[in-house]
């Protein structure tokens, strides 16, 4: 495990010295279609092959031949015994070929639709016309081509990038899978144990559900993209890459994914607002704000995801919408999410300030105070999604090479396992939940039923001192005068 991690880090450092080329399949297909149109026009207008045409046209470079230059100087070998036999012009889905005399080797410039064309624009692709006027085929009955001058000569670098992306894909798939299992368990516990039903845990449940939907939608979308990629590779004609039936499923999956991701961010914002109100607002009624929280968590994302879907459909309907080449369209979704992250970040700073003041007021030893503050800070970071504020300081479009992959790796790691951390900290490690589970287990073993009643809270004796207090006991976290169901 550590050897793979070390290798990944070394590759990321190596990538810091390189620039990445961000070409999409759609861009390549568009360029290929333009190349095909130009080829069709060329085949329609180019005059038929003749002896005079051979004399004045180079078959190797496709440029005018100076008068008096021999055919051997052009690199064209023609058998004088069969001057009327030639291979027909054609487009073999890779390059455009004009008529070629029999027993010659035809050369064409490297196609401009290749993503690495800038590196091979001086090169040529070669094809052999046999003595019988047929293009030579290889052992598998496919057109024989010499692509040596048109190939990308950075295979190792491409393999490194492919390996990095494949490792990141495995990492976040495992992370979301583990988080999904933990979140389902957490939701089951909070919904089945009636004594744990209260406003605080209801908010937690909605947060868990949003992370469940996020994980399921992301994994489903990746499965559809993988299926689409396989269909693309198996399809012989690049013009048929973009199947309408496949794209509809991709677009729907991508839209649902964006909504679920946005909902998870806004439920993190709800958690932040809830903690802030518990600590700051003197007369805070949980029942009265719950409908507003529900509307914010599930309704707010609709306000910007739907416009994004409309804009993508009308102005950037490319492939499966997995890339955002027009940044102004992507900011329709990114801006509201960034706003939620920044609000949570300022809430985080204010909560930390309150905790510092409380810890100082308790006259604890300096070392104990630092320990509890550090513990509370580290606890709040995943619960409020504070790491997202750090990642947004470096926009994705400005990151290149190893920096881009490093940012992507760290963000992917924390985002995929954030659901696990939220489920563990809010539920599985919660003292109330553990006590209720023990009581339930003891009751089951003794054969007694478990009864529960909702009752008003007694006025709290004080405000919470640390972040753990906010999660462990709702009675301590509730301001004086508030009433809710006891958990």
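Just so you know, glycine gets a Cβ as well, placed from its N, Cα and C.
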* To do: Would you mind telling me which of 265-286, 331-352, 353-374, 375-396 TrEMBL tags as transmembrane segment?
  => 331-352
* **Where TrEMBL places transmembrane segment among the ranges 128-148, 149-169, 170-190** => 170-190
* Between 236-254, 293-311, 312-330, which stretch does TrEMBL give the note transmembrane segment? -> 293-311
* Could you tell me which of the ranges 404-445, 446-487 is annotated in TrEMBL as region 'Disordered'? => 446-487
* To do: For the domain 'G-protein coupled receptors family 2 profile 1' (38-154), would you mind checking the mean pLDDT of the predicted model?
  => 74
